[in-house]
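Please read the structure below before turning to the comments.
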């Protein structure tokens, strides 16, 4: 019988918090030293993109992975299956770069949707290619979509994305609605000096389309390393602006303890809408983090802001078996810090920009 050590109670508490039966004979539960159980996986399938948002990647001369350096669909399927079937991962989100620029992306969705035990399969996209792919993605098994939309104005879109195309994004959102996804959320970065004039229009748009809108505090993930804390339009500032425009903004909590967004309801022209505020900078939610990230070249990251990665691609290609891969995954989880530390004096942004990590 296991002795009643502190680690015993941590694992009991973690299992209860995660909503799973406690199984003390299971050595593979991905619980870190702070009791956080990791059941959510972000998989980046490319570091390439068809726009150049300043908060994500450089405008010119971006260095991309060679094709041989990117995980194959079969390698992604192997790791995803291992994490779901043997490590308790329950949801997977496909990211990039822009995932839809990778050829035959729909085939990968179909492969992942067949994994026994996977409860949720979603994607984050810039929406530019959704008109061409939304129906096929839905029929392949993709359940939910997050679409980046920082503005409805073309001039502002070009300022952010350094490419034209907001009309294509809006058309892609319409295509996603037509395809019948279980959930569609719009993600808007909250950037001081830019977003203040966009908030109200985006809220009206989201209510008109009957989708959820989330404002995400601007984070230090830009390739130019130009981020400063003064550039963050805080969640509190967003709520103040929305209250001035719409009146009561009523908090409704989080979808679940590990959800990054605090949700609110408000009314516009007699219709109710739902918004989310993700305070990654001013009110971090690291204590409830349940996420792991897999980069396009097979690096496993235990935090978006981690300074290190566990290289799983090379391990697989050198013949590493599943048990050894799990050991590497467990070690990565075990090294996770308590928090990202953006507010600390010694904080350093990750070496990779957002497009190379995966959104």
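One is the number of the first residue shown, and numbering goes on along the chain from there.
A Cβ is built for glycine as well, from the same backbone N, Cα and C atoms used for every other residue.
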Worksheet, complete the sentence: Per Swiss-Prot: GTP is bound by 42, 93, 185, 291, 292, 293, and from 124, 125, 151 the site also lists 124
Discussion item. What does the structure give for the C-alpha distance between residue 286 ([4Fe-4S] cluster 2 binding site) and residue 292 (GTP binding site)? Integer Å is fine.
Written reply: 12
Item to complete: Going by DSSP, give the three-state secondary structure for residue 286 ([4Fe-4S] cluster 2 binding site).
Response: helix
Discussion item. Within the domain 'Radical SAM core' (33-260), what mean pLDDT does the predicted structure show?
Written reply: 96
Worksheet item: Minimum Cβ neighbour count within 10 Å among the binding-site residues 49, 56, 286, 289: which residue?
Response: 286
Worksheet item: To which of the binding-site residues 42, 93, 291, 293 does the lowest count of other Cβ atoms within 10 Å belong?
Response: 291
